[in-house]
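Visitor: Got a structure here, written out as structure tokens. Questions coming.
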Amino acid sequence: MTERVRVAITGGSGRMGRTLIEAAKQNGIILLGAAIERAGSTLMGVDAGELAGVGSMNVAITDSLDKAVNDFDVLIDFTSPEASVFHTDWCAKNGKAIVIGTTGFNHAQKEQISAYADQIPIVMAPNMAVGVNLMWKLLEVTAEVMGHYCDIEIIEGHHRYKKDAPSGTALKMGEVIAETLGRDLEKCAVYGREGMTGERDRETIGFATVRAGDIVGEHTALFADIGERLEITHKASSRMTFANGAMRAATWLVEQDAGLYDMQQVLGLKA
């Protein structure tokens, strides 16, 4: 690829938004074309680079995708489920690709976004860290070999401000394991335990959630049998790992046809 990829970033003033701006600044292929913030923000007109602490980038924070329509090729969206659906609708109407890192979607919202994939290329992934996507491949192999003979638990931890639980990454871990074992996660998932729960059902997949301090993201899948257990863990120490993954997704996405993709495809881990 010889031409730079122009991106717009929504939620530009948030923790993840600022990290995405910093990642764009550091990336030799990416060019920041626009940074979007909600209407009424006191940061309108502030230089996005200055806001992110990386120096001037000559891109002012704006509240309008319409005004920036000619300034970018790919929208990178880590906001909220409602906002992401709105932004995907806008991209479909304006012929823009979109990378979605938002989590917490309900089934109907996922279906809405999937429908737009007939018109535009979309990467939608609950976690864009390379290590996490490799972990999902490891979970497939582990579930095939051990899953039918083990108790399976998924434990995740995030900072105190995270809104959804379990995390999208944890749910994806459960989906990967359940699909490999031929189970329906909606029927076999157990979200927390309390009181006299009785003996554990081996067919279930348990989830436990921690929300504390400034934990960036920690996920563990535990496969426990009598006499041994295997733990597969990923720990993120910086949001930059997610931001760099989003930049990688954007550079890949501009060369794709309309469709719904995930980070496994971006990284070449599946067709």
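Cβ atoms here come from the backbone N, Cα and C positions, even for glycine.
It should be emphasised that the depicted structure is a prediction, and the values quoted were computed from it without experimental measurement.
Pulled these features from Swiss-Prot for this protein:
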type	residues	note
BINDING	G11, G12, S13, G14, R15, M16, E37, G101, T102, T103, A125, P126, N127, M128	NAD(+) binding site
BINDING	R38	NADP(+) binding site
ACT_SITE	H158	active site, proton donor/acceptor
BINDING	H159, G168, T169	(S)-2,3,4,5-tetrahydrodipicolinate binding site
ACT_SITE	K162	active site, proton donor
Visitor: I need the neighbours of the (S)-2,3,4,5-tetrahydrodipicolinate site defined by H159, G168, T169. Which other residues of that chain put their C-beta within 8 angstroms of the C-beta centroid, in sequence order?
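Guide: My list of surrounding residues reads T103, P126, N127, E156, H158, K162, D164, S167, A170, G217, H219.
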Visitor: Select the most exposed residue of G11, G168, where exposure means the fewest other Cβ atoms within 10 Å, treating these as the binding-site residues.
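Guide: It is G168 that, of the binding-site residues G11, G168, has the fewest other Cβ atoms within 10 Å.
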Visitor: Using C-alpha atoms only, work out the spacing between K162 (active site, proton donor) and N127 (NAD(+) binding site) and round it to an integer in Å.
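Guide: Pair distance, Cα basis, whole Å: 14 Å.
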Visitor: Return one of helix, strand or coil for R15 (NAD(+) binding site), based on DSSP.
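Guide: Going by the DSSP assignment, R15 (NAD(+) binding site) falls within a helical segment, counted as helix.
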Visitor: Out of G11, S13, R15, N127, which of these binding-site residues is nearest H159 ((S)-2,3,4,5-tetrahydrodipicolinate binding site) by C-alpha distance?
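Guide: If we rank G11, S13, R15, N127 by Cα distance to H159 ((S)-2,3,4,5-tetrahydrodipicolinate binding site), first place goes to R15.
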Visitor: What is the interatomic distance between the Cα atoms of the residue listed as 'active site, proton donor/acceptor' and T169 ((S)-2,3,4,5-tetrahydrodipicolinate binding site), given in whole Å?
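Guide: Answer for this pair: 11 Å between alpha carbons.
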